[in-house]
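Visitor: This structure is in structure tokens; I'll ask about it shortly.
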């Protein structure tokens, strides 16, 4: 074997991992998608309004879990296209939760704007890293790892989150497990539940 081959292989793997670890670098200043087509509109036609989004001035609609989350990604804010980042505003009622979930394409950093949030993530060895973070504190959730939040204060809370992808993706664990149509017998064996319990969970987490 060529003595340089292992070194070249290591270099190739390092390059592949680092280059694929986040959104690719843009090759122009910006790329506002043209309506109805994939290409960017002419840069001379861009205006300041392409780079401003006003949809998170106020909390969104609260779910039954006490969470109102408004994502600011490329799907609703085209100015983010090719820039490799996105944002979220999450508001919590007292006792409200952001159920266990993960983002397959992004690391998230969360800043507590108001309130006290029990916040954490679980790594691939099932170790939990969690604590109560308060106004002005920041926590990071590594890419692809399950994480969660709960308002443990006596007043509403708000978190602002930033992602290193224009479209980080979102997989909510209960919805993915019980709302996706996985074979019932598999779920019974995996969780020790009977068919009646499975049916109840499927009804609760089925897509709306």
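Cβ atoms are placed via backbone N, Cα and C, with glycine included.
Under the heading oxalate binding site, TrEMBL lists 98, 103, 108. Per TrEMBL, Mn(2+) binding site is recorded for 101, 103, 108, 147. For 31-40, the entry in TrEMBL reads disulfide bond. Here TrEMBL flags 54-199 as domain 'Cupin type-1'. Sequence annotations record features per position, and here TrEMBL assigns signal peptide to 1-21.
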Visitor: Hey, how far is residue 40 (disulfide bond) from residue 101 (Mn(2+) binding site), Cα to Cα, in Å?
Guide: 33
Visitor: Near residue 147 (Mn(2+) binding site), which of the recorded positions 31, 98, 103 can be found within 10 Å, Cα to Cα?
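Guide: 98, 103, listed in sequence order.
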Visitor: Have a look at the binding-site residues (103, 147) and report the one with the fewest Cβ neighbours inside 10 Å.
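Guide: Minimum Cβ neighbour count within 10 Å, taken over the binding-site residues 103, 147, occurs at 147.
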Visitor: Using other CB atoms within 10 angstroms as the count, which residue among the binding-site residues 101, 108 scores least?
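Guide: Comparing Cβ neighbour counts within 10 Å for the binding-site residues 101, 108 gives 101.
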Visitor: Could you give the mean pLDDT over the domain 'Cupin type-1' (54-199), rounded to a whole number?
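Guide: Overall, the domain 'Cupin type-1' (54-199) comes to a mean pLDDT of 95.
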Visitor: Measuring Cα to Cα, how many Å separate residue 101 (Mn(2+) binding site) from residue 31 (disulfide bond)?
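Guide: Approximately 30 Å lies between the Cα of residue 101 (Mn(2+) binding site) and that of residue 31 (disulfide bond).
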